[in-house]
Amino acid sequence: MATDRSKLAFWLLLAPCLIWLVTLIILPHVGMFLVSLREKVGVREYETSFANYAVFLNEPLYWNTFARTAYMSIAATVLTLFIGFPISYYIAKLTRGRTKTTLFLMCLIPFWVSELVRTFGWMILLRETGVFSNVLQYLGLAAGPVEMLYNDAAIMTGLVYTSMLFMVVPLVTALDSLDDSLIEAGYDLGASGFAILREIIIPHAMPGIVSGCIVVFMLSLGNYLTPILLGGKDSLWFTGLIYSQFITRFNWELGSAFGFLLLGLSSFIVFVGLKLTGQSLGKTMAQS
Amino acid sequence: MIIGIPQSRAFKWSYRAYVTLFFIYLALPLATVCAFAFNDSVFPSLPWEGFTWDWFFGTEAPYIGVFHESPILRSLVTSGVVAFWVSVLAVFVGTCNAFLFVRHEFRGKAILYVLMLLPLIIPGIILGISILVFSSSVANFLEDATGLWFDGLRPGLILVVLGQFSFITTFATLVISARLQKFDPSLEEAALNLGATHWGAVREVTLPFLYPAMAAAGVVAVLMSFENFNTTLMLVGSDAPLTITMYDRLKLGSTPVLNAVSLLLIVVSALLGLVSLLLQKRKD
């Protein structure tokens, strides 16, 4: 009787989870994969083939954009790590009490705000009639209006800004758990600051570094707003291609193939990152 | 806090300067957006033409404030409706998931757990197109088979809700599971010993313990739904939520009314974020 009831409870709990995952995650992705294998041969007539993937390989614009999106995302990830690490160390190890909470909250707030608003802020700052351009002219450092929007540096600034939090939070968590006395022992034994960083701090923070990097990379790769708005028409971001195939050109077959390539790249990097450091997805995600 | 480690004065000061610069970098875009909401000019840019409240309360073109700008107000309501449903659905499924993963051992649990985390690593735009493709083919199939119309499966608010729900549920599950793990099962056993039914014990003892986490998950869901762009962009129909409306305006170049909306969004989302933190931190 009791086991029957607990079995019923189990199935009742399992049902929502399965309905959610099957209808909104698994089936749509299987469906998208099948659509990406469809080649249009006539009106409402399709054949199964890899034609859409061949289009991707044969068109330099497409795979150049793909590669560009990948290496720009890697660059954004590395930059975010290098900028964020000293900040996380400062928050975790050099402050305490109320200052620590305040600094941490100040890192959180920009993330709660919509990405659109953050990007809008950068547009006002960087554009030709923007704040930076005016300040430079006022200081006499520029003769006329300077356009700082619509280039790779602008995209990079926006990407790093948008994903900073996802680096800082896991890093602070990881560094918080490092016992201060280990660092002090290192000093007492005569190690240089750099040696302590390399031998004690970085190895300890590795789980945080990995989960931060994975999340930042995925977010940059899948970002649409920042590259399109800060990079302009020539931003050449892969998500932009997916959007135009789906919404502008109405070529869902090619769009699905692109979507799958992006998903494949993103999953591959996550997989490699986890394997290289011997961590599991569950643990990494729980960190962030 | 590490004390007793000798560091040169120059190092200390340059470290502090770096941290200060970093926080200026964080605050600058948001502060700029807010500041230009009060500029008495039709463009959100310099020069500064003086202080005005018109972008909030103005009624005469081109100085139409947020509170009199009907397209923006309408999309705000749309966003609110979407956020409400996403939050209700995500908290419900998230609570079920928490009980499933914390309380039950079953074959395939590890695989199901990884599947549950997957939405976190799927880029939002791909989540959007996959649901778009799938729901359209289901709609085509059903329409061919029955001759009826299935508008709910075409781009529109229902799909936007489902699309956002599909990944926000993972966050809700993580938040609620974390709290359920801290629950002492002997409390529930005590209730059973005192004659409570199984469901009665869960309802009277366990669920009240989970309320703060459920509320926090709900607030996080509202926040994420409100600001979601990528998934929504692919699934949106004729009724656009706020982020989509603002994006369309932004591309065309708009008056500082956008700054005013942004300022309100910053204030509200910062408050909601703090509420969700307080709810998750609450100890009892």
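For all residues, glycine too, the Cβ spot is worked out from N, Cα and C.
Because TrEMBL annotations are produced automatically, they should be read as predictions rather than curated entries.
Record features, source TrEMBL:
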- A:66-273: domain 'ABC transmembrane type-1' (DOMAIN)
- A:12-35: transmembrane segment (TRANSMEM)
- A:70-91: transmembrane segment (TRANSMEM)
- A:103-125: transmembrane segment (TRANSMEM)
- A:153-175: transmembrane segment (TRANSMEM)
- A:208-230: transmembrane segment (TRANSMEM)
- A:250-274: transmembrane segment (TRANSMEM)
Could you tell me whether the transmembrane segment (A:70-91) and the transmembrane segment (A:153-175) are in contact, taking contact to mean 3+ Cβ pairs under 8 Å with a sequence separation of 6 or more?
yes
Could you check whether the transmembrane segment (A:208-230) packs against the transmembrane segment (A:12-35) - three or more CB pairs closer than 8 Å, residues at least 6 apart in sequence?
no
Distant-in-sequence neighbours of the transmembrane segment (A:12-35), which means Cβ under 8 A and at least six residues beyond its ends
252-253, 256, 259-260, 263
Lying 6 or more residues past either end of the transmembrane segment (A:103-125) yet within Cβ distance under 8 Å of it, the residues of that chain are 87, 90-91, 95, 131-132, 149, 154, 157-158, 161-162, 164-166, 168-169, 172, 225-226, 229-230
